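*Asks:* So TrEMBL lists the following for this protein:
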type: DOMAIN; residues: A:126-328; note: domain 'NADH:quinone oxidoreductase/Mrp antiporter transmembrane'
type: DOMAIN; residues: A:346-448; note: domain 'NADH:quinone oxidoreductase/Mrp antiporter transmembrane'
type: TRANSMEM; residues: A:6-22; note: transmembrane segment
type: TRANSMEM; residues: A:29-49; note: transmembrane segment
type: TRANSMEM; residues: A:80-100; note: transmembrane segment
type: TRANSMEM; residues: A:107-125; note: transmembrane segment
type: TRANSMEM; residues: A:131-150; note: transmembrane segment
type: TRANSMEM; residues: A:162-183; note: transmembrane segment
type: TRANSMEM; residues: A:203-220; note: transmembrane segment
type: TRANSMEM; residues: A:241-266; note: transmembrane segment
type: TRANSMEM; residues: A:272-293; note: transmembrane segment
type: TRANSMEM; residues: A:354-379; note: transmembrane segment
type: TRANSMEM; residues: A:400-425; note: transmembrane segment
type: TRANSMEM; residues: A:431-456; note: transmembrane segment
Amino acid sequence: MLSLLVFMPLVAAGALAVLPRVPDAAARWAWVAVAGAELVLVVAMALAYRTPAPGGLTFEQRVRWIPAVGTSYHVGLDGISLPLAALTCVVFLACAVYALREAHRPRAQAALFLFLQTACLGVFAAQDLVLFFVFFDLSIVGMYFSIAGWGHGDRARSALRFFLYTFLGSLALLVAFIGLYLASAPHTFDIVELAANPPLQGSPTTGVLVLVAALVGLGIKTPVAPVHTWLPPAHTDAPTIGSVVLAGVMLKLGTYGLVRVVMPLLPDAWRAAAWVVVTLGIVSALYGALVALAQSDFKRMVAYTSVNHMGYVVLALGAAGLAGGSAASAASGAPAGGAGSALGAAAASSQQLAVMGAVTQMVSHGLITAALFLLAGVLRDRTGTYAMGPGSTVSGLGRLAPRWAALLAVASFASLGLPAFSGFVAELQVFAGSIATAPVTAVALLGILITAALFLRALQHLLTGPARAPRGGFADLRAAEAVPVVVLLVLATAIGVAPQPLLDVIAPTSAWITSVVTPSATDAVAASVAAPAGS
Amino acid sequence: MEHDVAMLTPEVCLLVGTVTCLLMGSFLARERQRWSRVVAVLALVAAAVTALVGPASPAMGSLAFQASYALDAPTTTARMLICAATLLVLLLGRDELAGDPRESEICSLLLAAALGAVVLAGASDLLVLAVAYLLASIPLYALVGLARTPAAAEAALKTYLLGALLGIVMLLGVVVLVALAGGSTYAELVSGLRSGQVPRPLVAVGVVATLGGLLFKAGAVPGHFWVPDTAQGARTALAAFATTVPKIGGLIAAYRLVDATVQSGAVQTGTVVAGIAAATALLGVLAAFGQDDVRRLLGWSTVSQAGFLLFPVAAAGRSDLAQPSLLLYLAGYAAANLAAFAVVAAEPHRRTREAWRGAARRRPWVGTALLVSLLGLVGTPPTAVFVGKLTTFTAAWDGGLAWLVVLGAVATAASLFPYLRWLAAAFAKAPADEDAGQVSRGPSSAAAAAVSAAAVVLVLGVGAGPLWTALSGQVLR
């Protein structure tokens, strides 16, 4: 069933690419149909989902591929990958509906995006490092063609920079995977087997070197502050739905890789480098927010807020490793004392909160940013520009296009983390978890403040003032444009109002990740449970 | 002895084909020379089929002719790869070579060079190696110079001078090694050098000098100067042949030699080869940056590929993965490189990158083949070179060359740039002045070759599992 989910878009893409003389309208609707079927499938899987044992998987499937090298076609879902797979299906369906108006080579575009959907779903489903890498790389190839083929502005250059940058990252990742493979005994690329018996536990130097390679690879993809420079030009010149997929789904591949691969497979090194990761997260969050504040290009601003939001995710994941350190020391410092054990248990739970917050933030950011980029696409369609603020020819759109304005306002408030939206739930958990373990991470709260300021400023520039639009008018949203945005925002609100179903799925796997990153934390919990009985 | 000859049926098929084509060239009327191509195809198919059934025969897994020729997994792979590659070359060059007054000679020379490459790969004896080197090189000089253009003449001269020079250096190395080891087979080499009585500097000189000739065949530093000129100046089909088939023979031969010297424990050849591999990969990648002529670009790309292909050679004898990963990478490389040259042959009027603007939209299948072949050369999954790169990198790291892996990753990322510029041009909008009817479509046989080779690139990548088992047989010595 999972393989069907992953490969159905690819088959459809192949059919669209090979079959001669498919009319454009048929190609558009075929894409919507396949994306819709994917969503139905993933909802069915979510309903059938039963929490697996810690470290286990549901919908697991394993087929021999190159047994001599210890790699197989191994897919499965757990509490972290299922929400992200569902997010992928939602975002791609939104793109398919939005692209119903696409006039430029719609058949090729539909085939390309279906191919991209397979690649993204494949990354979330993969339980083998080689398979993970295969899909990871394919997603880069697909996005390159999306930017180069359907973008605007200096698209060839932006696409090239995107490809080179992220390809370098993926090769660093490959080096890290080879390191993990050679360090494991028996040699294997299987993530589940590696997680059950993490390699490189005894060799801190090699472990940290492998971790650095993996961090470079995934950090570029996320992107983290010093290596984010490919993102703004890629977004600015990408087509609307390319931006939506890039920000909504593909940025998550980086942080998902951290949770899925790096943390369970290199727990020692992760603990050792936790402060570095936390610092990277804080710097990304603040720097992304500050640079976003300085933008006079709406789409570029949204792109930089992605750096900010993904910074929170990295911060939370780093804090999880940090808390591991403190929990371990607390537990070992007072092994028999009830207070020490309780502290250890508390630290462990705040750490789990941080991981849950990180995963929730990935889902939430995917939904909200996708909506924002769709609205930005409408802005460009109508006015030919993303420019806002002084010197811009666009203002007062609140009067010209009330529906567009209302949705933009809602999406902006959701993105800045207003309560009742998913961003709030996510950021609350991220900060509650992180600050409890390392109070200094409260610095990153400033990022929320700056984000609020910049979104309010953008709303002011675009929606208020004299009603002006360079091409005379600004037609309000059509159905094909409004429906995907509304659906995305309704989902974001639903998660914000009733997060429990989502958190129930995420929590067990987060607890497992937490327990792997801090082996002693489970002992501490066990001790705190056992202590009252003993005394 | 009779039994030995039977074991060499594929080689005999090639030899018979060579001689028959040569005779047909002398006796057939000029307009009937296409029959020699039929003979060449038949010889290659016969050789490939007998190579395919070879592994099932009891003779497989043994040494022939007093241990001078190994019948093992590398030889079988080389036989099949070289025959398949030469068949593909004949297909992609069908229109280019048909009706040529020297068609029979071309077929004869192609078969002779292919035979030389096969023997090079199978040689388990230094003297056989030297003979195979000459057999593989001399037809190549003639093939490169066939185009009768100044560029082809320059390429032929460079190839000849470099080949002759490194051939003599190689003969010197062979002489030194035979004298030191007291025998010419690799088994004698291992036992002779292991005794500890031999002066190590001399062994090193012998090994490096012998490798020199093989590096010329592989197109690696320092024997790479002929590759870009040949790729640009020779006819496309022959350039495809010259950058693919000799590499297969040369690299497998280098693997056998390095493996034998490492087993003897006399010299650490792996480190030297690692240095050569690093230099070759980097030079090939960086030199490709400034190229506007797509054939020259491909020429430099094959140089960088030779560097990557030397990774498992550097790890020979130190990692179990080295041999199957080398053979797998060779198969993937041969398919991807031939696909790229076939694409070039399918659009003969597009010589510079700018001329490729809009080509993919005009002929989508050729464009797709170009995409698959270039990304296949980079090593993007799910192509065969991806599995090749993954396993060769793993083998190199396993052999204690982690620095080489990091360097290889950086070089791979950098190699993307020139390919992407070509792809971007090919997939861009056609310039307004290029009218649909104005530009004639290139030969369809080359397009067919391109598409089928690109399909092989993908199939080998996805079906690497069963292949790996077939490639893992023990090296015989």
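Cβ coordinates are placed from backbone N, Cα and C, and glycine is handled just like the others.
Those TrEMBL annotations? Automatic predictions, nothing curated.
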*Asks:* Please work out which recorded stretch in A:6-22, A:80-100, A:107-125, A:354-379 has the most C-beta pairs separated by under 8 angstroms from the transmembrane segment (A:431-456)?
*Replies:* A:354-379
*Asks:* Per DSSP, what is the helix/strand/coil residue tally across the domain 'NADH:quinone oxidoreductase/Mrp antiporter transmembrane' (A:346-448)?
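*Replies:* Taking the domain 'NADH:quinone oxidoreductase/Mrp antiporter transmembrane' (A:346-448) as a whole: 82 helix, 2 strand, 19 coil.
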*Asks:* If we skip the immediate neighbours and take only residues 6+ beyond the ends of the transmembrane segment (A:107-125), which ones have a Cβ under 8 Å from one of its Cβ atoms?
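*Replies:* Residues 2, 5-10, 12-14, 16-17, 22, 24, 27-28, 30-31, 34-35, 38, 75-77, 81, 84-85, 88-89, 92, 95-96, 99, 131-132, 134-136, 138-139, 142-143, 145-146, 149-150, 241, 245, 249-250, 253, 256-257.
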*Asks:* Six or more residues beyond either end and a Cβ under 8 Å away: which residues meet both conditions relative to the transmembrane segment (A:80-100)?
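*Replies:* Distal contacts: 5, 9, 28-29, 31-32, 34-36, 38-39, 41-43, 45-46, 49, 106, 109-110, 113, 116-117, 120-121, 124-125, 240-241, 244-245, 248-249, 252, 256, 259-260, 359, 362-363, 366-367, 370, 374, 377, 480-481, 483-485, 487-488, 491, 502, 505-506, 509-510, 513.
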